[in-house]
Amino acid sequence: MLQGWIQIALTILIIVAITPFFGRYMARVFMERRTLLDPLCDRVESLLYTFVGVKGKENMTGWQYTRAVLYSNAVIAILVFSLIAGQGVLPLNPTGIPAPSWDTTLHTTISFITNSDQQHYSGETTLSYGSQIWGLGYQMFTSAGTGLAVGIAFIRGLTGRPLGNFYVDLIRAITRILLPISIVGAIALIIAGVPETLAGPAILPTLENPNLSQAIARGPVAHFEIIKELGENGGGFFASNSAHPFENPNGFVNLVQLVAILSIPTSLIYTYGVFADNLKQARLIYLIPLGIFIGFTIITAIGEYNGNQAVNSLLGVERAVNFEGKEVRFGWAQSALYAVTTTATMCGAVIAMHDSLMPNGGFATLSNLFLQIVFGGQGTGTAYLFAYLILAVFVTGLMVGRTPEFLGRKIEKREVVLASFLILLVHPIAILIPGAIALAFPDFQGISNPGFHGLSQVIYEYASAAANNGSGFEGLGDSQPAPLAIAAGAKPTITALWWNLSACFSLLAGRYIPIAALLLLADGMSRKQPVPATTGTLRTDTGLFTSVTAGVILILGALTFLPILALGPIAEAFQITRMIG
C-alpha cells in the first residue's frame, strides 16, 4: 500500500516542480521573446507564414479569431475524412483494410479535430497506417495547437492585450512546443520499448501449439503515443489504448505519459501569471485544480485499494484490491492516478477499464468531466477556470458591495452572461439532452449494464464527448463491425449509428460554442480601459478569494450535475453497501 501512495506522491511532485519552468517557457514563446529554438524555428515559421498568407502577424478580433479556428478546422476535417474514406486504395495499408462505415469515419474525424479522440472502433482492425499517421496524427497536432492557441488568446484578452493572430499562435504552438517535445519523447519511448515500424502484423506460432500461428498487430506507435499524451488527445493506436503493452510497456513509459499529459495544462496557469505580471495570483489559482485533483485521486485510490466489499464479503476477506479491468504491471495506484489524470486534463487515454472502477472512481472521473477545470483541456481548461473566476468576482462583489473587477477591468453584464452561458448552459445541454434521448428509446441504447451503472455509462459517453475528453465507461453498442467484417457481409447496426451521430453533436457543441464564447469574452475584456485600484476594489490575489472561487466551482458543478451523480455512482455505492448488509 505504501509503495502505491509513494508512486502517486512522486508523480505529483514532479509535475509541480516542472510547472514554473515550462509555464515561463510557454509565456516566452507566445510573448515572442527569445528562446533557444529561435535560430531553427524562425526560418521554418517564416516559410509557413508565407504559405498560409499571414502578413505582418496582424492581430485579430474575437470574431476573426473564431472564424479562423472554424475555417481551418473545417478544411482539416474534410481532408482527413477524405483520407480515411479512401484508405482502401491509399498506401501504407499492409493489411488491406477497406474504408470504415461512413458514420464511423464521420465520428472519428470530428472526434479527432475536436481534440477528443473518442474512439468507436479498434485501431488495429479499422484504420490503415496511413490513416493513423497522415490523418489522425496530423489532427493530433493541429487540434492540440488549436486549443493551446485559444487558451493563449484568452489569456491575452484577460490581461488587456490584443488576442493575437490564430495562425501565428497555431504555428508557434506546434513548432516550438508540441513538435520538439514529441521528437524527444518519441525517441525516449522507442528506447524504453515502444515499437516504431511500418511493417505489417507479425505472424508467430502460438505458445500452446507451435503448428498454429497468430497475428500480432504492431505499427508506428512511438511517435503517435507521445503526441497522444502531450496534446491531451488520448486516442489509442490499439483498441486497448495505453493498457496495450506496445503503447505502455512499463512503469517508466507510464511515468513519461503522466508527465506529458499534465505538463501543458498545469503550466498554462503559470503562463497566465507571467502575462499578468502577477505570479502570486497564478500560484493561488493553481492550488484550486491541484487540490481537487489530489482529492479525487485519493478518493479513487482508496476505492480501488479496498475493492468491492460485496465481493470481499463473499470471499471471507476484509480487503482485496479491485484488479478487474487493470493491468497487473500498473496495479491499483497507477491505475487510479491515471484515471483521474486522464479525465482531469481531458486527455482520455486509459490504462485501465473505467467501466470496472469502483463507485469512488466513477464519481471522481465523472466529476472531472463535468467541471472541466481540473486542469482541463489543452488551453481551454485554463480558460474555463478563469470563466469560473469571473463569476466568483461578480458574486463576491455583489455580496460585499464592491465593484466587480478583474485585473483592473470591470466585470459587467456581457462578461457574466458569456461566462454563465459557458458553464451553466452549453455543457449540460450537450450532455443531458442526447443522454435523455438515449435512455428514452431502448433501441438506441445498447447498454450492457442495467440500473445505476447503465445510467453512468450513458452519461459518461456524452460527458466525455462534450468535454472533449474521449475516454469511455464502455459497455455500449457504439461500434460498427470492422471494415473487413462489413466486406464479408456483416451489417452496420442502428445502435452504433445512433451513438456515432449523437456523439458528434456533443463533440461539436462542446468544442466550438465554448471556444467562440471564450474568445468573445476575452475580446471584450481586452477593449476595457483599466480602472485604478481603490479601497473599494476587490482583490483577487488573496487566499480568501481563492477559497471563494473554489466554493463557486463546487457549488455550480454540484447544482448542475448532482442529480446525475446521485443516480449514478453515489446510488451504486449505496447498492453495494446494501448487498453487504
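In case you wondered, yes, glycine gets a Cβ from its N, Cα and C as well.
Residues annotated as transmembrane segment in Swiss-Prot, with sequence analysis given as evidence: 2-22 (among others). Same-chain residues lying 6 or more positions outside the transmembrane segment (2-22) and placing a CB less than 8 Å from one of its CB atoms are 255, 258-259, 262-264, 266-267, 269-270, 286, 290, 293-294, 297, 301, 305, 331-334, 336-337.
Listed as Cβ neighbours of the transmembrane segment (74-94) (distance under 8 Å, sequence separation of 6 or more from its ends, same chain) are residues 100, 102, 105-106, 108-110, 112-113, 127-131, 133-136, 138-139, 142, 198-201, 483. Residues or ranges marked as transmembrane segment in Swiss-Prot (evidence: sequence analysis): 74-94 (among others).
Taken from Swiss-Prot, the feature transmembrane segment applies to 135-155 (among others), supported by sequence analysis.
Taken from Swiss-Prot, the feature transmembrane segment covers 177-197 (among others).
The transmembrane segment annotation in Swiss-Prot covers 255-275 (among others).
Residues or ranges marked as transmembrane segment in Swiss-Prot: 284-304 (among others).
Taken from Swiss-Prot, the feature transmembrane segment applies to 332-352 (among others), supported by sequence analysis. Only residues 6 or more beyond the boundaries of the transmembrane segment (332-352), in the same chain, are considered here, and those with a CB under 8 A from a CB of the stretch are 3-5, 7-8, 11, 115-118, 228-229, 232-236, 241-243, 248, 251, 254, 257-258, 261-262, 265, 289, 293, 296-297, 300-301, 303-305, 321-323, 325-326, 361, 364-365, 368-369, 372, 374-378, 380-381, 464, 467-471.
According to Swiss-Prot, the transmembrane segment annotation covers 357-377 (among others), on the basis of sequence analysis.
Proximity of distant same-chain residues to the transmembrane segment (381-401), defined by a Cβ-Cβ separation under 8 Å and at least 6 residues beyond the stretch ends, is recorded for 150-151, 154-155, 158, 265, 268-269, 272, 285, 288-289, 345-346, 372-373, 375, 411, 415-416, 418-420, 422-423, 514, 518, 521-522, 538, 540, 545, 548-549, 552-553, 556. Annotated transmembrane segment per Swiss-Prot: 381-401 (among others), in sequence order.
Listed by sequence, the residues of this chain that lie at least six past the ends of the transmembrane segment (421-441) yet keep a Cβ under 8 A from its Cβ atoms are 370, 372, 384, 387-388, 391, 455, 458-459, 461-463, 465-467, 498-499, 502-503, 505-506, 509-510, 513-514, 517-518, 556, 560-561, 564. The transmembrane segment annotation in Swiss-Prot covers 421-441 (among others).
Positions annotated as transmembrane segment by Swiss-Prot: 501-521 (among others).
Residues or ranges marked as transmembrane segment in Swiss-Prot: 550-570 (among others).
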Any chance the transmembrane segment (284-304) and the transmembrane segment (177-197) have 3 or more Cβ pairs under 8 A, given the pairs are 6 or more apart in sequence?
no
Under 8 Å Cβ-Cβ from the transmembrane segment (255-275), and at least six residues away from its ends along the same chain, one finds 11, 14-16, 18-20, 22-24, 26-27, 30-31, 148, 151-152, 155-156, 158-159, 161, 177, 181, 185, 188-189, 192, 225-226, 229-230, 232, 242, 248, 281-283, 285-286, 289-290, 337-338, 341-342, 345, 347, 349, 375-379, 381-382, 385-386
Who are the long-range neighbours of the transmembrane segment (550-570) in its own chain, taking Cβ under 8 Å and residues 6 or more past its ends?
288, 291-292, 359-360, 362-363, 366-367, 370-371, 373, 388, 391-392, 395, 423-424, 427-428, 432, 452-453, 455-456, 459
